[in-house]
Amino acid sequence: MHQRVDNGHTNSAFNGGSEVSLDIPTNTLYHTSRDCIVQEEQGPKESCLEGTQSCCSNLWSNIFRKKTLYKRFPILVWLPQYKKDYIFGDIVAGISVALTVIPQALAYAGIAGLDLQYGLYACFLGCFIYIFIGSSKDVPIGPTAISALLSFQIAGGSWQMATLLTFLTGLIEILMGVFRLGFLIDFVSGPVGAGFTSAVSLIIFSSQMKDFLGIKTSGNTFLQVWISIVNDIHNISWPDFILGLICITLLLSLRALASCSLGPKEGKTTSQKLLTGIFWTVGTARNALLVCGTAGLGYWLSMSGKENLVRTVGFVPKGMPSFQPPPFHMDAVVNETTGEILQNAQSFWDMVSTLGSGLIVVPLIALLETMAVVQAFADGKPTDATQELIASGVCNVANSFVQGLRSNGGVARGAILNASGVRTQLSNLYTSVIVIIALLYLTPCFYYIPKAALASIIIAAVIFMVQYRVIKPMWHSKKTDLIPGLGAFFACLVLPLQLGILVGIGINVVFILYQAARPKLRIETLATTTGLKYLMLTPDRCLIFPSMEFVRKVINKQGQKSTLPVVIDCTHIYGADFTAAKVISTMVMDFEQRQQPLFFYNLQPRVAQVFEGLNKDLVVIYDIHTLHAKLAEKSTI
């Protein structure tokens, strides 16, 4: 504590410029509610039926307002402004993403434990729909590594469960958008998101070891998978392992090639521009080039009678998927030879129960991924999380009718779109067309793709997802932020992902609640112009029930130690609840019993009204001169 002379305080709640006008008594002393009565103007009451009709009418008119239509269908904004110059940029961007998303979709389907075609099924219909309702030109709809891993851990490798997960999470996203629940991602802090993403990358890396090493693995968590890897490492397939190492080396080299630029930044010659463009194109299409090259190798081995040297992905059905509703139940599957039940029948509610908390976690993580893309390339423009929720939800509901894997925006593909010079959401059209062509004509070629090559594509991508670079800034900025980040990281490694992220969020919420329950109080010994000393206690936030007992103990302790009059500066208190009022009432009575003056300075009238609901004897002062006069008056008693 320190002592200084108080020459005046600023009442920030009543500074000029405020749009709210409050009537404070002219004597600037507010003592009990008899001095100031707050009244709210009320209109004529309407019946329940009239109120319901009015609400529905307002909702209906709001939905079909021109402003709302333009907001929910962004194509109405950018399509009338579309120029011929935009066509080339959109075509190049759409083709570039297609060359990336096709091999990724095949690999992500493997992560999800599904046949490879289910990854491709998720890459055309959602892309097409996003053209009409997507708010960002840089969001390519498709499966991602995180969504694929979540689908595997939640759906267990069943295409029926995975498709239902796509449908239900899509519906939940739509509802979240309608009710404007996008703010929920604010509870996933940066450290928690970094810990979750880093853990996911290690889990995905581990899941690819079975194809990279040619061994058998089992388990859903990081520890379970690595225990099975160690147990079966003696069965390693050296041809698969060597091919995988070569593929990873090529991918990382081509990734570095994409950022190579010949000559100065400005004033390049024609040949320098051409070579720089070739480097970028080859580096960007590295996954597609690798798949084509290794598929050729697999075909040559097959024709040479060495098809068993490396393992290939095998048969991939040709053609478009059937358009049908997602499965709302599962029939029992019985081995016709032995009569053994391979799969038990499940009703819709059994399937929903199996999906469990994943129905909440998946939309949250998907929104995080999508908004990371939107905000990364927004160039300072406002972003709309609500519209992205609705768009992602509609796209996934549509994907579920073509048995598609869970999809959303991916950061890597978004970067490719942006670097390719994308101009509008129309680039998604060209991506979806190329995916459809691949489904119709190219799936026989997929038979010869080595599994080690697809595993290499995933490994070369996820190693850059480990966010170790945030540890040092966090350590220098706020060390306690490492606790929820590391908590989420280790929880996701030990537990299923949907539980791990909930643990991380829970740790973060505990920190928030602790800070709310332990507000900071500045304690000063001040003096009036006449030399009268008093204690000034200043809480730094609103008074709500978790913090009130702590605040009361601190104030009582300081009051008993000094016996000076106590003034509580309420400038930063903008709200209070019943518990706060109850504790304040008790505290006022404690000070009265000790005959120690207690004043409330700068307390907003609406907060004072809450406090007076339980105690009419508190004294609120809004002027420093009145405060000094009141202190002088109490000292002479």
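Numbers run from 1 along the shown chain.
The backbone N, Cα and C atoms fix where each Cβ goes, glycine too.
Remember, TrEMBL labels are computer predictions, not curated facts.
These features come from TrEMBL:
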TRANSMEM  86-109  transmembrane segment
DOMAIN    88-482  domain 'SLC26A/SulP transporter'
TRANSMEM  116-133  transmembrane segment
TRANSMEM  145-171  transmembrane segment
TRANSMEM  183-205  transmembrane segment
TRANSMEM  241-262  transmembrane segment
TRANSMEM  274-301  transmembrane segment
TRANSMEM  348-368  transmembrane segment
TRANSMEM  429-449  transmembrane segment
TRANSMEM  455-471  transmembrane segment
TRANSMEM  483-514  transmembrane segment
DOMAIN    535-617  domain 'STAS'
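Secondary structure by DSSP for the domain 'STAS' (535-617): 42 helix, 15 strand, 26 coil. Only sequence-distant pairs (6 or more apart) were considered; of these, fewer than three Cβ pairs between the transmembrane segment (183-205) and the transmembrane segment (86-109) are under 8 A, so the stretches are not in contact. Same-chain residues lying 6 or more positions outside the transmembrane segment (145-171) and placing a CB less than 8 Å from one of its CB atoms are 108-109, 111-115, 118-119, 122, 197, 200-201, 203-204, 207, 220, 326-328, 330, 351-352, 354-356, 358-359, 361-363, 365-366, 369, 392-400, 403-408, 458, 461-462, 465, 496-498. Per-residue confidence over the domain 'SLC26A/SulP transporter' (88-482) averages out at a pLDDT of 88.
Within its own chain, the transmembrane segment (483-514) has Cβ neighbours under 8 Å at 149-150, 153-154, 187-189, 191-192, 194-196, 198-200, 202-203, 220-223, 356-358, 361-362, 364-365, 470, 474, 546, counting only residues six or more beyond its boundaries. Of the Cβ pairs linking the transmembrane segment (274-301) with the transmembrane segment (116-133) and spaced 6 or more residues apart, fewer than 3 are under 8 Å, so the two regions do not touch. Sequence-distant residue pairs (6 or more apart) of the transmembrane segment (86-109) and the transmembrane segment (429-449) include at least 3 whose Cβ atoms are under 8 Å, placing the two stretches in contact. Counting Cβ pairs closer than 8 Å to the transmembrane segment (116-133), the top stretch among 241-262, 348-368, 429-449 is 429-449.
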